[in-house]
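Asks: The structure is given below, and queries will be raised subsequently.
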């Protein structure tokens, strides 16, 4: 029996309730991730690879909200493995925020992860054949304003028994040659991709199989392997592809959509493609015809998946992504270069095999560690504004909103919407 859009929608929404969203502005399949809200606070107080006060130690145990009293580059040798029910709030770091450089991260079985405003840059010294970020199993995760780059296999991939994941407002960039892949998004459990930038990946921008919502993304300078690739024909896929902008770059030699088949069912609407590499943004809408979408089976009814609150036009999506995607509280040198490539509209961009071509991870202002008398993760001056006690560790108490006071403070540091 072929699954209809309405049946797929019912199945996919069984999990989706009116529960508190992960943070104001959380959307999609992963919007209800809980993170470490029912656990304890852990303050990352140094840039060490391991040991007390390190980020690696912070995420090694379940049930933690992780905040930062220091900014800068954390250089790691081995992969970081994240436990269940962990919230990582990179926007709390002083200075220019946090970059983690040198190897990748595993979120396999990291149920209920919430990750915001952090840069994960693997690099050629990372583990061979591994992703910069990967999820092989797990459920209920959301990644917001994450900048991930330089994977040695995929840059950000989701495979296996995975359900209810959102990647939003993020940058997935420069998988290293010779593989150079944006990532696989291959699960029947539901993945939402909203307002992201895929850039300088030879292929898999992304490669999709299963249940997927792909809305208001920008894809720039994919190589000969392909832009948005439809997954294999050995199983059913049911996707929405809405309001995206594809822009050819110097390395682009194939069309935006490839490898469609009769089992890849897609609802498509208002997707733009600028293919001429002339330095001017002048894309046009792809007609709703299977030949424009790599031979996908196009359906007329949109799958009723958890959607964005407001769908942008492709032009507005491009403006949004170039202004705000990635760890954009403070843009580092890498993301600044990547956005400049997009805004060259075909005249700049490169597939790379060595992050040195981008200047490496770069330098970050570490900022000044704020005074936190009770050590509960909220600086004293912020406690005064919140009405909490700077002499009592009360940051994990619940506010009337349902969030912990720690989350309320962290959420106040960044906009919930950029509309």
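Cβ coordinates come from backbone N, Cα and C, glycine included.
From Swiss-Prot, here are the annotated features:
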- 1-19: signal peptide (SIGNAL)
- 48: N-linked glycosylation site (CARBOHYD)
- 164: N-linked glycosylation site (CARBOHYD)
- 201: N-linked glycosylation site (CARBOHYD)
- 204: active site (ACT_SITE)
- 261-296: domain 'EF-hand' (DOMAIN)
- 274, 276, 278, 280, 285: Ca(2+) binding site (BINDING)
- 282: N-linked glycosylation site (CARBOHYD)
- 352-395: region 'Disordered' (REGION)
- 363-372: compositional bias 'Low complexity' (COMPBIAS)
- 373-386: compositional bias 'Acidic residues' (COMPBIAS)
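Just tell me what is around each of these and how deep it sits.
Replies: Spatially close to residue 48 (N-linked glycosylation site) yet at least six residues away along the chain are 54, 74, judged by Cβ distances under 8 angstroms.
In this structure, residue 164 (N-linked glycosylation site) is part of a beta strand by DSSP.
Sequence-distant neighbours of residue 201 (N-linked glycosylation site) (same chain, 6+ apart, CB under 8 A from its CB) are 155, 172, 173, 174, 175, 180, 181, 182, 222, 223, 351.
Note on residue 204 (active site): other Cβ atoms within 10 Å of its Cβ, all shown chains, come to 26.
According to DSSP, the domain 'EF-hand' (261-296) comprises 4 helix, 11 strand, 21 coil.
Proximity of residue 280 (Ca(2+) binding site) to non-local residues of its own chain (separation of 6 or more, Cβ distance below 8 Å) is seen for 345, given in sequence order.
For the compositional bias 'Low complexity' (363-372), same-chain residues at least 6 beyond its ends with a Cβ under 8 Å from one of its own Cβ atoms are 43, 45, 47, 69-73, 93-99, 332, 378-381, 390.
With a cut-off of 8 Å between Cβ atoms, the residues of this chain six or more beyond the compositional bias 'Acidic residues' (373-386) that come close are 41, 43, 65, 67, 92, 392-396, 405-406, 408-409.
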Asks: Could you tell me which of these glycosylation sites, 164, 282, has the fewest other Cβ atoms within 10 Å of its Cβ?
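Replies: Fewest other Cβ atoms within 10 Å, among the glycosylation sites 164, 282, is found for 282.
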Asks: For residue 285 (Ca(2+) binding site), just count the other CB atoms lying within 10 A of its CB, please.
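Replies: I count 12 other Cβ atoms within 10 Å of it.
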Asks: Let me know the model's mean pLDDT on the domain 'EF-hand' (261-296).
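Replies: Taking every residue in the domain 'EF-hand' (261-296) and averaging pLDDT yields 98.
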Asks: So if I measure Cβ to Cβ from residue 278 (Ca(2+) binding site) and keep only same-chain residues at least 6 apart in sequence, which ones fall under 8 Å?
Replies: 345, 346
Asks: From the recorded positions 164, 204, 274, 276, pick the residue whose C-alpha lies nearest to the C-alpha of residue 282 (N-linked glycosylation site).
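Replies: For residue 282 (N-linked glycosylation site), the closest Cα among 164, 204, 274, 276 is found at 274.
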Asks: Taking the Cβ of residue 274 (Ca(2+) binding site) as centre, how many other Cβ atoms lie within 10 Å?
Replies: 21
